[in-house]
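All remarks here apply to the structure that follows.
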Amino acid sequence: MAATTSVAISFVLLPLAFLTLLTPLKAATFTIVNQCSYTVWAAAVPSGGGIQLNSGQTWTINVPAGTTGGRVWARTGCSFDGSGNGHCQTGDCGGKLSCTAYGTPPNTLAEFSLNQYQNLDFFDISDIDGYNVGLDFSPATPSGSCHGIRCAADIIGQCPAELKAPGGCNNACTVFKTDEYCCNSGSCGPTNYSRFFKNLCPDAYSYPKDDQTSTFTCPGGTNYRVTFCP
């Protein structure tokens, strides 16, 4: 009799398991805030596009579950016409107000992939494309190991002369374009230039293989806040 009861329970639980698997994952809400004293032109891909954000303004976007290769960044020194065509001094994305492609260096990046291994979100701040605006990238409700990260040091003011760029500080790969800095071969280590970024922003990626101290996770379904000039 016990065996029969066990089988009956299994048949009841089986559909519930399938229903759990079929439950759609909800989109993550990203709240993007400009705390800079100046206007920036926020950009987000693959979801969001771009918008002008005056000082103190907020932009909210919904990012579909399972999104990979996501980026949020600030553009500076922009001018656009009524059709959304123009140019930015830093972070420009093909001269468009609403971005569909990544920005050009230098630009500080908030990067993310949602609902990945074990339904975790993976996120980071990256200086691999250089630095233009300070960033804070945080879960809306931090808890335990799911916590915020920040890169808001005076990188532009302390930028080595050879990396200086109008409105920002380039990464060495952008300037020298060699495997030592770009890691095109897949094998590279820290350099004096990457250490410059890492010392000022220990949470952020400073070169392509800087994963161990630069990648962070939160449970899938977490909402996030990206703050410029925190």
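Glycine is treated like the rest: Cβ placed from N, Cα and C.
TrEMBL annotations: computationally assigned, not manually curated.
Note that this is a predicted model, so its numbers are computed, not measured.
Annotation source TrEMBL lists signal peptide at 1-27.
Counting only same-chain residues at least 6 apart in sequence, those with a Cβ under 8 Å from the Cβ of Cys229 (disulfide bond) are Asn34, Gln35, Cys36, Ser37, Val133, Gly134, Ala152. The disulfide bond annotation in TrEMBL covers Cys36-Cys229 (among others).
A 10 Å cutoff on Cβ-Cβ distances gives Cys78 (disulfide bond) a total of 21 other Cβ atoms nearby, all chains included. The disulfide bond annotation in TrEMBL covers Cys78-Cys88 (among others).
Counting every protein chain shown, 22 other Cβ atoms lie within 10 Å of the Cβ of Cys93 (disulfide bond). Feature annotation from TrEMBL assigns disulfide bond to Cys93-Cys99 (among others).
Annotation source TrEMBL lists disulfide bond at Cys146-Cys218 (among others). Cβ-based neighbour count (10 Å, all protein chains) for Cys218 (disulfide bond) stands at 26.
If you look up TrEMBL, you'll see Cys151-Cys201 (among others) marked as disulfide bond. Residues within less than 8 Å, Cβ to Cβ, of Cys201 (disulfide bond) and separated from it by at least 6 positions along the same chain comprise Ile125, Asp127, Tyr131, Arg150, Cys151, Ala152, Ala153, Ile155.
All protein chains included, Cys159 (disulfide bond) registers 20 other Cβ atoms within 10 Å of its own Cβ. If you look up TrEMBL, you'll see Cys159-Cys169 (among others) marked as disulfide bond.
Annotation for Cys182 (disulfide bond): same-chain Cβ neighbours under 8 Å, separated by at least 6 residues, are Cys173, Cys188, Pro208. What TrEMBL records for Cys173-Cys182 (among others) is disulfide bond.
The Cβ of Cys183 (disulfide bond) lies under 8 Å from the Cβ of Cys173, Tyr207, Pro208, Lys209, each on the same chain and at least six residues away in sequence. Taken from TrEMBL, the feature disulfide bond applies to Cys183-Cys188 (among others).
Of all the disulfide-bonded residues in the record (Cys159, Cys169, Cys218), the one with the smallest CA separation from Cys88 (disulfide bond) is Cys169. Residue density at Cys169 (disulfide bond): 26 other Cβ atoms are found within 10 A of its Cβ, drawing on all protein chains shown.
Of Cys78, Cys93, Cys99, Cys169, all annotated as disulfide-bonded residues, the residue with the shortest Cα distance to Cys218 (disulfide bond) is Cys99.
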